[in-house]
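As written in TrEMBL, here are the features:
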{"type": "DOMAIN", "residues": "16-45", "note": "domain '4Fe-4S ferredoxin-type'"}
{"type": "BINDING", "residues": "Cys25, Cys28, Cys31, Cys89", "note": "[4Fe-4S] cluster 1 binding site"}
{"type": "BINDING", "residues": "Cys35, Cys79, Cys82, Cys85", "note": "[4Fe-4S] cluster 2 binding site"}
{"type": "DOMAIN", "residues": "70-99", "note": "domain '4Fe-4S ferredoxin-type'"}
Amino acid sequence: METMRLNDVTANDLPWKIKYDASRCTMCGSCVATCSFKAIVPKVERRRMVFSEGNFPEPKARFSAVPVIRQTKSVRDYCRGCGMCEKVCPNDAIKPERNPDTRHPIITRCLGGDSIKRGGRKNLEGSTRTLDTIRVGRISQMTDPSLDAQRHTFDLLAPFGRILPPKKLPFTPDADQQLVTQELTPPVNWVYPVIIGDMSIGALSWRMWEGVAMAVAYLNEECGMPVRMCSGEGGVPVRLLKSKYLKYMILQIASGHFGWNRIANAMPHMVEDPAGILIKIGQGAKPGDGGLLMAQKVAEHIQAIRGVPKADLLSPPNHQGLYSIEESVQKMFLSFNSAFKFRVPVAIKVAASATSVSVFNNLVRDPYNIVGGFFLDGIDGGTGAAHEVSLDHTGHPIVSKLRDCYLAAVTQGRQGQIPLWAAGGLGKTGDLAADAFKMIALGANGVFTGKLILQMAGCIGNDLGRCNACNTGLCPAGITTQEPQLAHRLDPEKVAQNIVNYYLAMDQELKKLMAPIGNSSLPVGRSDALVSTDHAVADRLQIQHVC
Ligand code: SF4
Ligand code: SF4
């Protein structure tokens with residue numbers, strides 16, 4: 001008998017157990033070849049068979065070597081439950097099963113002496129989502145007529161840029177009573193109210209990024225929907241910077257300033273202005289933390305775009321020279337405004353936190369009208385890589401924080417001047433139109449989304465610990481990897497098609513929600529349209545309670 005080694009890792013210590021039926025397996029090898037995590041391996045098992053051939057029992061033993069598939073028992077190469085092996089097995093011989101007895105969080109820390117890192121989004125079991133307790137309750141059928149969602153013309157446009165109140169517009173009538181402008185007004189782009197959130201070309205595979213960019217171009221040029229995509233921190237390929245498609249891109253700058261050398265060098269060659277600049281101060285999934293791109297994902301083209309060697313790329317938690325967000329933002333706004341000659345709106349993205357309303361308040365009161373948008377990202381936002389402890393335990397839900405910002409602006413009579421954009425777990429149930437509509441009625445001008453875009457492309461990760469290995473560079477779906485053989489699992493054209501179709505469906509659904517409340521433009525702040533079945537939610541958000 002072997003000595004029992006108490007600290008050896010067994011399948012029962014891991015988050016997923018592989019269920020394997022040797023009697024169905026033909027040893028084709030597809031599952032092992034598919035598993036990017038090396039979580040299953042072919043093995044040979046020694047089997048003993050006892051048989052008796054004569055008329056009377058005369059047991060004999062025969063030994064044979066049987067090839068089988070076995071789960072790797074390692075805290076490094078462990079099964080993520082991605083289900084790719086199940087997908088490729090022609091005989092339904094293998095599948096992962098969630099292990100409720102897992103000791104993985106403990107043994108990983110004990111054996112590694114390092115914090116756990118992963119991608120995805122918050123994995124702690126949530127209670128009912130706030131947005132799911134809210135319904136669109138004010139249907140205007142009797143008092144004023146609902147609209148026809150199929151035939152009415154709707155205006156689904158949201159501002160990206162500072163909106164001046166009428167009294168501040170520098171217009172004066174000339175001798176012919178025509179309005180003339182005396183001075184520059186802040187640039188504003190009117191865009192589709194669902195922006196594709198900031199996912200960098202390092203976090204995403206080049207094929208995924210290409211698919212998203214193709215979808216955006218198609219939505220704009222063939223469907224007439226002015227959808228914009230944010231580059232994320234990490235630069236943009238020079239070919240795109242010099243192309244006419246730049247007008248659909250929002251360029252992001254974050255604390256690492258990755259990729260901006262190339263952007264600055266490409267400026268004289270740009271034939272179009274970008275749709276906007278987004279200064280990222282923080283991210284809802286891991287507030288207080290900078291970006292993180294693990295070395296295994298820093299492929300050659302990423303090194304070229306970012307101008308870095310192959311190494312872990314950690315962005316600092318703060319922008320350099322930061323004394324206050326307001327001061328730093330002001331400096332950066334001025335730089336960008338002058339770089340793009342005041343033609344490109346500049347907005348800021350912060351993580352929802354106990355203090356984000358104060359920051360918003362200060363920006364709303366800024367007399368120079370430099371801030372062209374306030375992007376607020378909540379705790380349920382996704383990320384390509386983070387320390388698990390930050391992902392699970394830091395952050396702020398988006399709904400009440402967005403509402404607080406809107407009501408703070410209302411109190412000052414300045415709502416709408418700095419457009420509010422919200423994100424963080426929106427579309428988590430698969431229905432982004434409903435979440436977007438509710439956030440808009442609570443005061444957002446629009447929303448942005450990232451993780452849902454990955455799911456449209458085929459990401460199989462979820463909030464219950466499935467996959468979430470985006471940080472490893474081994475994405476089994478080819479979405480967040482730079483390994484050529486994995487990236488080639490993804491068909492960029494299929495990605496583009498899925499995103500376009502989702503947007504077309506969502507567009508119809510948004511209209512289906514706007515029509516009954518009688519709005520042909522976005523119902524920003526129309527919280528009278530909402531009711532909540534939860535007393536505490538209704539009180540907190542100042543909407544009607546129903547039961
Ligand atoms: S479920 Fe995914 S990670 Fe687990 S063995 Fe199968 S392919 Fe590998
Ligand atoms: S499928 Fe890829 S993108 Fe989705 S959770 Fe897994 S590693 Fe991340």
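One is the number of the first residue shown, and numbering goes on along the chain from there.
Each residue, glycine too, has its Cβ placed from N, Cα and C.
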Hits among Cys25, Cys35, Cys79, Cys82, Cys85, i.e. binding-site residues with CB under 6 Å from ligand 1, come out as Cys35, Cys79, Cys82, Cys85
Cβ contacts under 8 Å made by the domain '4Fe-4S ferredoxin-type' (16-45) with residues that lie 6+ beyond its boundaries
65-72, 77-82, 84-85, 87-99, 469, 472, 474-476, 481, 483, 486
For the domain '4Fe-4S ferredoxin-type' (16-45), what does DSSP give as the number of helix, strand and coil residues?
5 helix, 11 strand, 14 coil
With DSSP, how much of the domain '4Fe-4S ferredoxin-type' (70-99) is helix, how much strand and how much coil, in residues?
5 helix, 7 strand, 18 coil
Provide the number of Cβ atoms within 10 Å of the Cβ of Cys28 ([4Fe-4S] cluster 1 binding site), excluding the reference atom itself.
13
So if I draw a 10 Å sphere around the Cβ of Cys31 ([4Fe-4S] cluster 1 binding site), how many other Cβ atoms end up inside it?
23
What subset of the binding-site residues Cys79, Cys82, Cys85 lies within 10 angstroms of Cys31 ([4Fe-4S] cluster 1 binding site) at the C-alpha level?
Cys85
Closest of the binding-site residues to Cys35 ([4Fe-4S] cluster 2 binding site), Cα to Cα, picking from Cys25, Cys28, Cys89?
Cys89
With the cut-off set at 10 Å between Cβ atoms, which of these binding-site residues ends up with the most neighbours? Options: Cys25, Cys82, Cys89.
Cys82
Candidate binding-site residues Cys25, Cys28, Cys89, pick with smallest Cα gap to Cys79 ([4Fe-4S] cluster 2 binding site):
Cys89
Packing count at Cys35 ([4Fe-4S] cluster 2 binding site) (other Cβ atoms within 10 Å of its Cβ):
24
Rounded Cα separation (Å) that holds between Cys89 ([4Fe-4S] cluster 1 binding site) and Cys82 ([4Fe-4S] cluster 2 binding site):
14
Take the Cβ of Cys85 ([4Fe-4S] cluster 2 binding site) and count every other Cβ within 10 Å, whichever protein chain it belongs to.
24
So if I draw a 10 Å sphere around the Cβ of Cys79 ([4Fe-4S] cluster 2 binding site), how many other Cβ atoms end up inside it?
24
Not counting Cys25, Cys28, Cys31, Cys89, residues with a CB within 8 A of the CB centroid of the [4Fe-4S] cluster 1 site are Thr26, Met27, Gly29, Ser30, Val32, Ile69, Cys85, Val88, Pro90, Asn91, Ala93, Ile94
Could you state the whole-number distance in Å separating the C-alpha atoms of Cys25 ([4Fe-4S] cluster 1 binding site) and Cys85 ([4Fe-4S] cluster 2 binding site)?
12
